[in-house]
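Chemist: According to Swiss-Prot, the S-adenosyl-L-methionine binding site annotation covers Ser186, Cys219, Pro220, Gly221, Gly222, Asp238, Asp258, Asp275. The active site, proton acceptor annotation in Swiss-Prot covers Lys304.
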Amino acid sequence: MSSVVIYCRSGFENDAAAEITFHAAEQGFAGYVKAKPNTGYVIYECFDAQHGDEIIKKVDFKNMVFARQWFAGTLIENMPVEDRVGAVVEAAKDFTLCSELRVETPDTNEGKELLTFCKKISTPLKKALEKRNIVLREPKANRPVMHVLFLTNNTAYVGYSYSFNNSPFFMGILRLRMPSDAPSRSTLKLDEAFNVFIPEQQRESRVAAGMRSVDLGACPGGWTYQLVRRGMFVSAIDNGPMNDDLMQTGQVKHFRADGFKYRPEKRNITWLVCDMVEKPTKVTSLMIDWAVNAYAKELIFNLKLPMKKRFDSVYECLSMIRAELEKYGISYELQAKHLYHDREEVTVHLNVTKVPQSLYS
């Protein structure tokens, strides 16, 4: 497979293109990008036909900020309308046995118009693939996932991703329901972040009732809502007013203070969350200060992106975090993602696993 197909938010094609080019080159692969504005996907064409498969194995998908999903694939054009199933099966005849089939479209208005067609063709296509022993009847762990990305009703990229290095979600999107009692739609960003960044088997222990948390820039309480919902006690930091229902839970203490100046009196905070509108480097510096001083164990924060050079801006901030934490000998895990519920921003998760006591004692 010479092509790597990457799904992204419409309008972020240049950022996804810059990112795959960067990571492919870092692993020693060469190629070029094909991208059109507002299409919701980009194609990385490898100069070596075998390298598409190698890229989706060797580049860690968790390091891809702007990619919602990816797969190694090939383009099928002008499929006969009377036998599109046969055309897809023929293109996939040499695939390793896959655990499941995902028939998808780009997340654009044009793509959404194809979703009904995708659902309609999925059943006969899956049966045909099962018959040819290309896709299993029942999903099985640790097997590749087959993708068919329809661009039109007779044009599609057909390929596969590896279950250990992809997004588990259809179209790479985790869809969440807006709680009717949440103070703002921003609540979905933190809900998605917990689901994306924290492995399901660890969620109960790492995001647990009784934990102490801090929400910087909390007003009116969209992110605080998610912390309260999970049973945490929250210090909400904001000069603005908080939602009355949240305050009546008894789990929230409101501090009218500047989020950039506030620091906790004790180092007993498990979660720090922050969704303040400020320059990304300024927010990053604040988060580094909290991490280096062991004020919180895990941090989730948003970086508001500039109109241009969004890829450069994000990677500059991630490099700042790595450089500072490594300078002080701090052990950590770092991941960033342009989540489905994000807009002109990305969400970062920093898990501080060990801070030398000499830094803050």
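Positions of Cβ are set from backbone N, Cα and C atoms, glycine also.
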Chemist: Could you tell me the maximum Cα-Cα distance in Å between the residues recorded as binding S-adenosyl-L-methionine, namely Ser186, Cys219, Pro220, Gly221, Gly222, Asp238, Asp258, Asp275, rounded to a whole number?
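Modeler: Pairwise Cα check on Ser186, Cys219, Pro220, Gly221, Gly222, Asp238, Asp258, Asp275 gives a maximum of 20 Å.
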Chemist: Rounded to the nearest angstrom, how far is the Cα of Lys304 (active site, proton acceptor) from the Cα of Cys219 (S-adenosyl-L-methionine binding site)?
Modeler: 17
Chemist: Please list, in sequence order, the residues in the chain of Lys304 (active site, proton acceptor) that are at least six apart in sequence and whose C-beta is under 8 Å away from its C-beta.
Modeler: Val277, Glu278, Lys279, Pro280, Val283, Glu344, Glu345
Chemist: Just to verify: the residue among Asp238, Asp258, Asp275 with the fewest other Cβ atoms within 10 Å, which of the binding-site residues is it?
Modeler: Asp258
Chemist: Quick one: among the binding-site residues Pro220, Gly221, Gly222, which has the most Cβ atoms sitting within 10 Å of its own Cβ?
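Modeler: It comes out as Gly221.
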Chemist: Using Cβ atoms only, which residues of the same chain lie under 8 Å from Ser186 (S-adenosyl-L-methionine binding site) while being at least 6 residues apart in sequence?
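Modeler: Same-chain residues close to Ser186 (S-adenosyl-L-methionine binding site) (Cβ under 8 Å, separated by 6 or more) are Gly222, Trp223, Asp275.
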Chemist: Have a look around Cys219 (S-adenosyl-L-methionine binding site) and count the other CB atoms within 10 A of its CB, chains all included.
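Modeler: So the number of other Cβ atoms within 10 Å of Cys219 (S-adenosyl-L-methionine binding site) is 20.
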